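Novice: Please see the structure below; I have some questions.
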């Protein structure tokens, strides 16, 4: 332990407390100010949700609505016999606003049928086609204006194009002829203003407008597949759960074997690599061109050229030899620490066995996360559908009311029309002029921020709860007799009663970093089209720095929560004590981290791989015994991906509990070494296996 304690910069161990026997029960509330801020933020979040639900209407995402907000084809309304939505200028649907506001920035009306012919307003005006054309004009349109005035006022579309109804929307009837996009027999169309445009502009607009609709159709087919195969998916997930439990149980007996087999395999693979490089180096001796140096050859785009040089294989052999020597030296000097890591992993398996209900706790975390996601998603949809069609007064003369909002239905009879005799009430954009509508972007950002904060709080609550339960196992002198009756419930109640503020504090720091990363991603997307290389370089550096910062904060929070669960101190004190404790034992931390990472990776690969392969053979009818059992599906990858993702989540849930157990026992083990000396007054709480590895004994036990 001398090498772990010699550097004073890493702080000093805790003073010995003779009354300390594990997680402290007589504790007080911590970080009260942050707790108050957290509850105020939740109240504000609820208020935002209520306001959004009052103004928004998610039916706009699914059902077609005209520019007046009326649903097409809805019974009891003026649009009852007009089930289809017609876009005046579908090219404008290519705007990115479609994805943000779920509305195309162009006037939309409900019609009885989609247009079946190509007409421009200029050609249809004063012709026998005008009666047909009028059904695609605004309901308030009156044929008492000139062509220029009608197009200027937006009373009628400049052009109508043959269209077909799709999900109650009229989309251009575009087809291909020998690979060429066409509408009717034309590859271009007139926009009604004397300009001919390419069909691809229509395609782009239709794609954006149709994006939500295609997603809905895909969702319906996927839903059908789920209704057919759901019970087989459940069986696959149950198999994944059983395999995860078996793997954790087997770690108690096979952890050492798996780790040492992995180490031996790495050494053997590197040894074979050195042998293969030497054989290639010898084979190329005397061959023409093989003695050319890498410097003389220079950079080549075809990397296979380098494989014909002896110098390449010599470089490979030297690199692999250095790696082999380094690994062997690490094994010689770190052998004891590897044995301690294996012993801690085995001890974690025993701890999980004594607190079996901890394996079910991920379900609580999953349920709370689902609530957070559902509230965030529903609030986001309601906020996005809060926009309404805004009409403004347009006047080519000097009218003082020009630019003011208006109502197109009442505009001819109100005072504004008299003050602006040449004015017209015309569609401007989707949005709103109220304070609420102007604050929508800020509310969306607040919605995302609160989602991060609440999700991180839920994860933190789970970590503190599990840490408290497993710490009560470690600090029990006679395991499991000295453990509390319900360790998991006790730890959960302590976390909520005393440490809500500390959990909110740690979650807040992490949420701030995450929202900054979201903003950086948004700015990066905006800068992709820019040519400023320095700005791009700076953006990459910032993204990398904040990614590293997020990883570090997650690591620090995790260990701080363990110290909170044990000692009941505030967040900053716990984070400082955990950080210095780990720094005093940095080599042990690195070894344990890599060993557990390997075991968890191996477990996830085995569970997800085996269940995924079984699901693939089953749903693709390749298992003869059950060929007639698997029903035909629209997409066979739907249940397969569901089983694979579900298996990974189940394995990750089980291993997250196991990983928290290992980390908790490791910190308790380090605290045990620094607090106690094995005397009758200060006995070690570690297991007999760990005491044997470290040549430690309790004097009282030795005397007896």
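Note that Cβ sites are derived from N, Cα and C of the backbone, with glycine treated the same way.
Annotations for this protein, taken from TrEMBL, read as follows:
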- 32-53: transmembrane segment (TRANSMEM)
- 230-250: transmembrane segment (TRANSMEM)
- 257-275: transmembrane segment (TRANSMEM)
- 313-334: transmembrane segment (TRANSMEM)
- 355-377: transmembrane segment (TRANSMEM)
- 450-475: transmembrane segment (TRANSMEM)
- 496-520: transmembrane segment (TRANSMEM)
- 561-583: transmembrane segment (TRANSMEM)
- 598-621: transmembrane segment (TRANSMEM)
- 633-655: transmembrane segment (TRANSMEM)
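Could you tell me the structural context for the features on the list?
Specialist: Within the chain carrying the transmembrane segment (32-53), a Cβ under 8 angstroms from the stretch's Cβ atoms is held by residues 375, 378-379, 382-383, 386, 436, 443, 446-447, 450, 453-454, 457, 500-502, 504-505, 508, 571, all 6 or more beyond its ends.
A Cβ distance under 8 Å defines the sequence-distant neighbours of the transmembrane segment (230-250), meaning residues of its chain 6+ beyond its ends; these are 349, 352-353, 359, 603, 606-608, 610-611, 614-615, 618-619, 630, 639, 642-643, 646-647, 650-651, 654-655, 658.
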Novice: Test of understanding: applying the rule of at least three C-beta pairs under 8 Å (pairs 6 or more apart in sequence), is the transmembrane segment (257-275) touching the transmembrane segment (633-655)?
Specialist: no
Novice: So which of 257-275, 313-334, 355-377, 496-520, 598-621 has the most C-beta pairs under 8 Å when paired with the transmembrane segment (450-475)?
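Specialist: Out of the listed stretches, 355-377 contacts the transmembrane segment (450-475) most.
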Novice: Who are the chain neighbours of the transmembrane segment (355-377) in space, where the CB to CB distance is under 8 Å and they lie at least 6 residues beyond its ends?
Specialist: 49, 245, 447-448, 450-451, 454-455, 458-459, 461-462, 465-466, 469-470, 473, 487-488, 653-654, 656-657, 661
Novice: For the transmembrane segment (561-583), which recorded stretch in the set 257-275, 313-334, 496-520, 598-621 gives the largest number of Cβ pairs separated by under 8 Å?
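Specialist: Checked against 257-275, 313-334, 496-520, 598-621; highest Cβ contact count belongs to 496-520.
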